[in-house]
Amino acid sequence: MQPSTDSGSDEHTENKATEATLKIPFETAKSAEIAYRVLSVDKEPRRNFVKKDLTLVGDQIEVHFVADQVKNLRTAITSFFGALLLCTDTIKEFELKNSDNDNAGAHASANSA
Amino acid sequence: MVCALGIEGSANKIGVGIIRDGEVLANVRRTYVTPPGEGFLPKETAAHHRDFIHQLIKQALKESQLQPKDLDVICYTKGPGMAPPLLIGAIVARTLSLLWEIPLLGVNHCIGHIEMGRLITGAVNPIVLYVSGGNTQVIAYSNKRYRIFGETIDIAVGNCLDRFARIIKLSNDPSPGYNIEQLAKCGKNYIKLPYVVKGMDVSFSGILSHIEDLADPSKRRNKRKKAEITVEEPEYTKEDLCYSLQETIFAMLVEITERAMAHCESNEVLIVGGVGCNERLQEMMRIMCEERGGKLFAIDERYCIDNGLMIAHAGAEMFRSGTRMSFEDSFVTQRYRTDEVLVTWRDD
């Protein structure tokens, strides 16, 4: 029994991970932030063995997946796309139009909120 | 004054409701109906909800004649239920909350049923029988919690009915339970079935196996006894089977409800949940209540069967009493027991 082996566990070949990065652009930084916050809430199911990291970069979301198996990665990405499309469709359908100040062409005042 | 929008989608119904200070402004719903002999599966159910959730929200807003800015809180079902359908409601609720800058609140599905029943009937402190496709519980309020006095130890009563309906190939439209109820009205002969009450708890899976066997002996698992089957298998009609199943399982529910009433010295019973709109169950419970000098409160299918309004109402009560939820906590959970929720809105 050698106690010193635990730091070198990454030499096993099973630990080779499959990775994927998605970069999703949005029309506005505001939409990107909403989608980022909505999609950050749900954690990956523990049995899936997929690690998912979301980052918000301006008007873009970057998602990085690390999985032990390709099939788990596919499942994780498929369900992520499902959630993403539901969120972006909801934004499109229910976005509040700035009806208060659309009479003038003043773009600067539109961000008063 | 609290104005709340509620989204419910924990099982095969997707519903949106709007309530303002106990006044119903909108309550719309779509049901995912599967072909006879088939149940609803998580993935397909989620796809159904996704197809209809946006138009239901629009319809609810239109009926209520409200603008998003008139709402104080957006509520969604946090659990219990099937994860994929729950997520549809949660993701849309989160997105709306951020888009419209309105607080978000996750609601326990069972609490939604109880509070909706209390609002509609005016029952003050009833023993609650919550019976649906996923839950079977006898509940009493005590010291800021809805406490579970008795429940099923295996499948829910509605699940037992739904699966029996599948075996005899009844239609799932409008619901399997409704079709069983109609057939049962024509039943004449009572077929003896197992009666399984264990203390305050009930069990339905054995009854289901037993009646499955009566309805379709060809599917009997124990093939070694094949020779005996052909000897004398009495013919049972679907009507008699439906009638006998209802009488047996409803009698079990009435028994544990009566025991809870005696224990809590309560004389009010409230039936909620999808099975609660079965008129035979209501009739049996009413007889029991009248014999004890008590009163039964029951509601019709608009409020009994899963709906968005109950989530809106329970959420509004929580919001009024100061409950808030951080956005990071707006996840869903398949298991979420009724007694986990601190009842901040009741003072008794």
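Using N, Cα and C of the backbone, Cβ positions are placed for all residues, glycine too.
Given the structure is predicted, the values throughout are model-derived calculations rather than measurements.
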Residue in B:ASN108, B:ASN267, B:ASN278 which TrEMBL records at the substrate site where B:TYR130, B:VAL131, B:SER132, B:GLY133, B:GLY134, B:ASP162, B:GLY177, B:GLU181 also bind: B:ASN278
CB contacts for B:HIS113 (divalent metal cation binding site) [other CB atoms within 10 A, all chains]: 33
Spatial neighbour of B:HIS113 (divalent metal cation binding site) that is closest, considering only the binding-site residues B:SER132, B:GLY134, B:GLY177 and their CA atoms: B:SER132
B:ASP306 (divalent metal cation binding site) versus binding-site residues B:SER132, B:GLY134, B:GLY177, B:ASN278 - nearest by Cα: B:SER132
Structural state of B:GLY177 (substrate binding site), classified by DSSP into three states: helix
Other C-beta atoms that fall within 10 angstroms of the C-beta of B:TYR130 (divalent metal cation binding site): 27
For B:SER132 (substrate binding site), the three-state class that DSSP assigns: coil
